[in-house]
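One structure below.
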Amino acid sequence: MKYFSQALQDASRHKFIIAAAMACSLAVAALWSLNIAALFPIIQTTLNGQSLQSWNQQRIERAETEIAEFQAEIAKLDKQLKGAPAEQRKQLELARGQAEGQRKKARITADWAAKIQPYFERWMPATPFATVVMVVCLVAGATAVKQVLAVLNQMLVSYVSQSIARDVRTKIFNKALELDRPRFNTQGISGFTAHITHTTDMLAQGITAFYGGAITEPLRILTCLILAAFISWRLTLASLIFAPLAAFLMLHLNRRIRALSYRVLDRSLGFHHIMLEVFNSLHTVQAYSMENFERKRFREATGQIKRTAMWAAFYNALSSPITEFLGMGMLCTGLCVSSYLVIFRATSIFGIPMTNTPFEPAIITVFFGALIAAADPLRKLSGVITGLNTGMAAANLLYPMLDLQSGLKEPTAARSLPRDHQQVEFRDVCFSYDGSHQALNHVNLTVKRGEHLAIVGPNGGGKSTLINLLCRFYDPQQGDVLIDGVSLRDVSLSTVRQKIALVTQQTELFNETILHNIRYGRWDATEAEVIAAAELARAHEFISGFAEGYQTVVGPNGQRLSGGQRQRISLARAFLKNAEILILDEATSQIDVESERLIHDALDDYGRDKTLIMITHRESTLSLADKVVRVEYGKVEPVVREAKAA
């Protein structure tokens, strides 16, 4: 409930819209009970064949008669009190108090009826049938207004719930962009995808259930019970005799439903994980004929969701009979008690007073109508409870994600870096991904401005870790990475990364145009600058061969392009950024020999005043290097050679 309350607090930003929705709910509830109250004049005129004016006049006369009778009884009791012995005075005073109360009640009835009589005389029809027609037309009009207000209420509540869902989606997306790699991996791509797409929809359902059903339906019940209590509050309480039992059962059932709702959403995350994992590795799955294995794994995951969802459906289904039981218990109790009072013209049952005067048929019919009208929103409460529990379970998954903090802390007083750096230094750097195995162990390395450094070594030796630390995807556990003596920890992430252009072996392209993907390096670049960068990366020729040229959409992660074409677009993006430090992590591994030679010429020209760091296994790439180092077992070995290879 803590996190769902936080979602409702977020929704309070739309307080005026919520207030309008609540006003609509209140109006709908009031019109709902007023439509039931309209049964009275219809039944009264139909059964008695009299207009409302004559009926109300009879009420005034009857009340005045009762006032006179009670006044006479009070006078009689006052005489008896004067000479009564002490042991009888208490009983006589009690009787006098009751008579006085009845007189006041009759006085209120007479005064109220007298006040509305002129309005009846002026506005209400004089004949019974005309009265029925008028009341029916008013009920029809009130029903139309009620439906319009109900639709408006749903639209306002939906606006609030969808706004909150959008805000939470945006916050989670932004959080994913801010997190460092270890924190991001606690949820993974499947976790973030499932939460942004599916779980936020569940949260929206919960907010809709709260501001829609959880307020509207109880208001409808309340107005109906107020109408019933206006007729006889004692009889209304008697009708609610089963309410405590139903509330107790619903409380325990609700806890179980909430736990199961959480489990369903949690299992859905595993289902999304398997699905995305298989789709992203589809070539491998098919190449190794693992389709049946993955089908079985997927079937087991969906089977777990199905079993948990069936238990949730079972307990959700139980909530409906409980609310039905409360509604039917209320109706049956009210029917039995009121029937007894009407049939025997009684005012009490089992010695418990229910009313001061015997019920009229029209009055008891309205009472029944109020109870029946209260039963309908009671039945709908089971669906509202399901929606609330789903929303609470979703909030319990979503809001803790928003509290995740990146391990990369932005400095409170960020330092700036020189416009033209002079050197990059790894000073006594130690780093471990898992806390046990040292990926880098007391590494010291300096790269001066304009140097072309090649890093070689076996896989897992720590080469990519050096790049990850320089890009500040991670911070070292010991030592420092510095640019011109300034620790990267003391510089904002954006400042560090503005100085670096990165091209990796695993090229990442967006499902957009080639122009979009290259311009991602510098968003304000002109089309001419994009073309120049593409020419430098030797990509312009094949791009021009496409029918749509630079407007060609490359597909998800560039699937419509070859591996070499993707790498050249990635290189063009890096060239366009024109950063001081260019990092190539096996960036030409999928490019043919001739294209690689041309790119090397371009790098030689482009990198004259740039710091170029290359991770490579190709001998041809080593020809670009001024300095070659070997990284193995977390250590940087002595320089292999100092001069650029011939």
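In case you wondered, yes, glycine gets a Cβ from its N, Cα and C as well.
Feature annotation from TrEMBL assigns transmembrane segment to 16-43, 129-152, 225-251, 325-346, 358-375. Per TrEMBL, domain 'ABC transmembrane type-1' is recorded for 126-390. Annotated domain 'ABC transporter' per TrEMBL: 424-643, in sequence order.
Through the fold, the transmembrane segment (358-375) approaches residues 32-33, 36-37, 39-40, 43-44, 47, 220-221, 224-225, 227-228, 231-232, 235, 239, 327-328, 330-331, 334-335, 338, 341-342, 345-347 of its own chain, all at least 6 residues removed from its boundaries and within a Cβ separation under 8 Å. Confidence for the domain 'ABC transporter' (424-643), expressed as mean pLDDT, is 86. Cβ atoms under 8 Å from those of the transmembrane segment (325-346) belong to residues 228, 235-236, 238-243, 246, 354-355, 358-359, 361, 364, 367-368, 371-372, 374-375, 378-379 of the same chain, restricted to positions at least 6 beyond its ends.
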